[in-house]
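Heads up: the structure comes next, in structure tokens.
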Amino acid sequence: MSHSIVSLFGQNRKDIEAKALEALNSFSEDLKGTYYPLSDMDEDTQSRLTEEHFLFNDSDRFLKAAGGYNDWPTARGIFYNESKTFLVWVNEEDHLRVISMQKGGDIGAVYKRLATAYKTLEEKLKFSRDDRVGFLTFCPTNLGTTLRASVHIKIPLLSATDKFKSLCEKLNLQAR
């Protein structure tokens, strides 16, 4: 969105949420969903959605040190469709984090959903972009295309071992 990076603070966060809601409410078909403000969400729902990897929290020490959790939980929330295959985090680390996911191996469907969502969002919002570094974000690791792909796998026997975290570090993997 065309707000400056520092606009993650103060009243501007509320302005960003309002503009995002207007755009999110324009989705149709399988992208159509509901926005849930974090400030109105009970603790049980927050815990459940966080455990399901659908919701963010305020536990990252680096983001906290950078001021990313100022005014927590004001003007933050999650939008998701009925099947929870499409989510948008509002005012988490960046202004918007758009997520498309599903179980199984149909990566094409995941990408198509994401591309359709971005096209709709770009019709309603102006994203900040620099010719040299690409799209601008609060977190420098998200600069550029802002696209990140990940795969979640369940390996309960291996993940229960004492050596699991060190194995992940050795392979440059992130355990969740």
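Yeah, the Cβs are placed from backbone N, Cα and C, and that goes for glycine too.
As recorded in TrEMBL, the features of this protein are as follows:
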type: DOMAIN; residues: 1-176; note: domain 'Phosphagen kinase C-terminal'
type: BINDING; residues: His53, Arg97, Arg148, Ala149, Ser150, Val151, His152; note: ATP binding site
Message = Using a 10 Å radius around each Cβ and all protein chains in view, which of these binding-site residues has the most neighbours: His53, Arg97, Arg148, His152?
response = Arg97
Query = Which of the three DSSP states, helix, strand or coil, fits Arg97 (ATP binding site)?
reply = strand
Query = How far apart, in Å, are the two Cα atoms that lie farthest from each other among His53, Arg97, Arg148, Ala149, Ser150, Val151, His152, the residues recorded as binding ATP?
reply = 18
